[in-house]
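J.: Pasting the relevant annotations from TrEMBL:
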type     : residues : note
DOMAIN   : 113-207  : domain 'Pirin N-terminal'
DOMAIN   : 260-365  : domain 'Pirin C-terminal'
TRANSMEM : 49-69    : transmembrane segment
Amino acid sequence: MTTTMMRLRQHLGLASPAIYTSAIGRLGNNTPHRRRTSTAIFPSSTQKQLLLLVILLFFFVLIPSSVLLPPARPRIMSSSASDSASSAAPFEKPRAVVKKVLAESQPEGQGATVRRSIGRHELRNLDPFLMLDEFSVSKPAGFPDHPHRGFETVTYMLEGAFAHQDFAGHKGTIKTGDVQWMTAGRGIVHSEMPAGDGVQKGLQLWINLSSKDKMIEPRYQELESKDISRAEVDGVEARVIAGEALGAASPVYTRTPTMYVDFTMRPGSRLHQPVPEGWNAFVYVVDGEGVFGREKAAPTAAHHCLVLGPGDGLSVWNRSDRPLRFVLVAGKPLGEPVVQHGPFVMNSRAEIQQAMEDYYYGKNGFERASQWSSSA
Ligand code: FJE
Ligand code: FE
């Protein structure tokens, strides 16, 4: 058997190694796109009536709401010291927790353990998010050579270091507080292995790409811990990985619009954080415990994922005597069919078939896959 063939078999779960036992084929979120056409031609009398209607509409609907009425209650668009000091949530529609899932440990990769929240059975679809793993890995375990196509992986180190290398010669080490935002696009084959001694911890989030972006050139955006935008307001620290919070903004370009903020709240502090309306959002508690969404809600402890309902912002209270650390992630849903087979995430079964073939034969972005194997 050729090495390529062996690799394909391994990666697709056809061989014994545990790394691709999680290959899942799934269909969901089938939202067909609608098109509108307007080709009507009006006779002249109808045209006049229509013009009159437009004028009336302008006077009675558009003008009163923008000019004649008093200005609407100002909306607070970003948290500031005064927002967080006020006790009432500054949101018109505060987001509530609609689902709470404990990320239980499971084996993944080669001898590694992950706590999976998004992507597990109870939490399969949170468009555009495909997977969230909290990993805790020591040598010699890790995630040896494997491919990706059709989505982005965001690796955020919480403690320790991870070495990565890919089939195009890109390599490096992500250390505590660093972020690697990898847009796999049409294809990346890489290895991700612990670099230090002891347990190396982090979060890996998979973000789906829209059909028009699935086959783009791969790209990396890497931020060292010291270069991550930070802000601190009233006992709340934000490290902004994507989007903005507490007046700090990230330079990361998110092809699928995404917000990703790591918050640490001192005991007794509270936070009112705007979250774009219409986006799907969740919280993952890393450390400590906090009250999310409603002041009277029961506190949530570490390793829980909280799915947030609709609304324009999230309020959080730390009423414990320890720091609370959590990430708040939100993304604009793609509303497209999702077909996943392990490390390939496309829109149809045919595209998955194509991805497997491309990987197998080293085509359409996987050209370097057959000659390459990591030194890890
Ligand atoms: C993968 C199995 C895997 N979670 N968290 C199947 F293990 C992986 C994979 C990872 C991974 C890597 C890191 Cl650094 C952190 C992870 C799964 O590499 F991609 C598939 N398809
Ligand atoms: Fe990977």
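Cβ coordinates are placed from backbone N, Cα and C, and glycine is handled just like the others.
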J.: Could you give me three numbers for the domain 'Pirin N-terminal' (113-207), the DSSP helix, strand and coil residue counts?
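T.: Helix/strand/coil tally for the domain 'Pirin N-terminal' (113-207): 3 helix, 62 strand, 30 coil.
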J.: Please spell out the DSSP helix, strand and coil residue counts for the domain 'Pirin C-terminal' (260-365).
T.: 13 helix, 49 strand, 44 coil
